[in-house]
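Straight from TrEMBL, the features:
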{"type": "COMPBIAS", "residues": "331-356", "note": "compositional bias 'Polar residues'"}
{"type": "DOMAIN", "residues": "47-299", "note": "domain 'G-protein coupled receptors family 1 profile'"}
{"type": "REGION", "residues": "329-365", "note": "region 'Disordered'"}
{"type": "TRANSMEM", "residues": "34-55", "note": "transmembrane segment"}
{"type": "TRANSMEM", "residues": "67-91", "note": "transmembrane segment"}
{"type": "TRANSMEM", "residues": "103-128", "note": "transmembrane segment"}
{"type": "TRANSMEM", "residues": "149-169", "note": "transmembrane segment"}
{"type": "TRANSMEM", "residues": "189-214", "note": "transmembrane segment"}
{"type": "TRANSMEM", "residues": "244-267", "note": "transmembrane segment"}
{"type": "TRANSMEM", "residues": "279-302", "note": "transmembrane segment"}
Amino acid sequence: MIEWPNVTVAGHQELGLKPEELQRSKCVLGFIPVIYYSILLCVGVPVNILTAVALSRLASRTKRTLYYYLLAVTGSDILSQLFIIFVGFLLETAVFHRDVPLLLLHFVSAAEFAANHASIWSTVPLTIDRYVALCHPLLHRQISYPARARKIIATVLMLSLASGVPFFWWSDMWRNSHPPTALDTVLIWTHVTIIYFLPCSIFLVLNSLIIYTLRVGQRQQRCKEEHEAKSTPPRRLGKSTAMLLAITSVFSVLWAPRTIVVIYHLYVSSVHRDWRVHLAYDLSNMLAMLNTAVNFFLYCFVSKPFRSAVRDVVLLRGGPLYPRRALPQRQAPTNASISSLYSGNNKRSQRDSTPLSPRRARKPS
């Protein structure tokens, strides 16, 4: 999916270029990207696996669609880390120096794009679900349930896999010295639309509607308090909504530089020629890949149930997330009725076993 830094220079026979065309831009960062992606992979994959286990427990216990969508996002992030960071950069570029069959390079490129699209578009059903839950709660109760969430997730993953096929012909932005062709222009604009402009537009519209609905609810609550002279706690931002806003905001910030640099490469200056564009592209890729490892910390910061689930997983505990406080209250009337039943039976047995008093004894006829 993402073409990685030109750490090593390929041979003349591989490129088939003239000597003057081999004067490419230098990689200013050197081996820093190799170290960075190695650390990101060693930290991100275990953290995402821990996130997936904790979310799977929450989903099985609560049956909330929110955790199913978050689980899909986490699984897609793991695929992105394996295909893009491990296979695309560390193996192909840093280890084999892209000295692998060309057909394999194209297949891996399509797989990287598919994993990246799945990681981003798994957040879209989550955003729609939270919008319906807050703005149309009655409708949300009817249409939101785990079985439907799993079908939606499967559909998104299949569409993401299909969307990666055209990028089989994605060109190497670091090594291609010729100007972008018409096919490159179409693929680049398709890429930035799929991974940034379209999902960010959906996030912006739905999040704006969610915030607007919450503000309107707060105003109506204040007016109601003024008329009724009652003080009720204000309607605050829910934990799930705060988590959604954090996920979408971090994604928009981390992926914006790469989108800008790709468009700049297309129309202004090439990554292959200008070392400054080369440096900007390396840094923007590093920021974009950071998005695959930060969600765990966002979940821990926002959600108390998630922190409890992570604690249970780390400590190898499988107990319930919350103490069941309603159970003794429900049993109290039952116990009371049973005790009253036994007391009634005891009284009845005592009355039956007690001899009749002389006053109540019937006289024989």
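Each residue, glycine too, has its Cβ placed from N, Cα and C.
Among the stretches 34-55, 67-91, 103-128, 149-169, 189-214, the one making the largest number of Cβ pairs under 8 Å with the transmembrane segment (279-302) is 34-55. Listed by sequence, the residues of this chain that lie at least six past the ends of the transmembrane segment (189-214) yet keep a Cβ under 8 A from its Cβ atoms are 113, 116-117, 120-121, 123-124, 127-128, 130-131, 134-135, 163, 166-167, 170, 235, 237, 241, 244-245, 248, 251-252, 255-256, 259, 262-263. For the transmembrane segment (244-267), the residues of the chain that approach it from at least six positions outside its boundaries are 2, 73, 120, 123, 126-127, 130, 173, 180, 184-185, 188, 191-192, 195-197, 199-200, 203, 207, 210, 237, 277, 280-281, 283-285, 287-288, 290-291, 294-295, 298, 301-302, judged by C-beta separation under 8 angstroms. Counting only same-chain residues 6+ beyond the ends of the transmembrane segment (149-169), those with a CB under 8 A from a CB of the stretch are 1, 65, 68-69, 72, 76, 106-107, 109-115, 117-118, 121-122, 124-125, 129, 183, 187, 190-191, 194. As a whole-number mean, the pLDDT of the domain 'G-protein coupled receptors family 1 profile' (47-299) in this prediction is 88.
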